[in-house]
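What Swiss-Prot records for this protein:
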- 8-15, 101-108: ATP binding site (BINDING)
Amino acid sequence: MKNYIITGRPGIGKSTLFNNIINTLRKSGIIVGGIKSPEVRDSKGFRIGFKIIDLMSNEEGWLAKRNYYSTIKVGKYGIVLDESSRIIREALRKALEKADVIGIDEIGPMELKIHVFRTMLEQVLNSDKPKILVIHYRLRDPSILDKIYRVENEKYVLTEHNRDLLNKVLPQKIVMEIKQIIKK
């Protein structure tokens, strides 16, 4: 079991690197499951929320919306609990059953407010499948961090100085290593 961890400040390119790695894995015949939660902006470039997307089926729904009424809030964003919980549960269940590699972008305060995410994340972290994990740079949850770091890890902290190089070399490096792990 091995975790590839991507972290860094907001806007540095973590999701770009994650997507690059996932696409490179897929092109090499490796089955990737999991979730990603990209931000959504309106026509003026103003962030209005976050989607949750199943990496295997591409099904998507709202994770959180700006000024959305919800019992669970993170800053100005209300969690769309029913929709996000359903997609998270199904995406991570399928990833555990059918994928060679599990990807999650990201493990952060917003996602961790969702009970289903915490429950499924624990199952993912206990799985022996290789994982590509984007971790919020301020994540301080000891129970989650302990589970992430109890196995072999490669951690990459993205900066302005290394992101271009990492986008060039890391996806292929990970493909070669994962092919050895899963014997594909």
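Cβ coordinates come from backbone N, Cα and C, glycine included.
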Across all protein chains in the structure, which of the binding-site residues Gly8, Pro10, Gly103 has the highest Cβ count within 10 Å?
Gly103
Including all protein chains displayed, how many Cβ atoms other than that of Ile107 (ATP binding site) lie within 10 Å of its Cβ?
25
Counting all other Cβ atoms within 10 Å across every protein chain shown, which of the binding-site residues Ile12, Val101 scores highest?
Val101
Chain-internal residues, separated by at least six, CB under 8 A from Asp105 (ATP binding site):
Lys14, Ser15, Phe18, Asn19, Gly34, Ile35, Lys36, Ser37, Val134
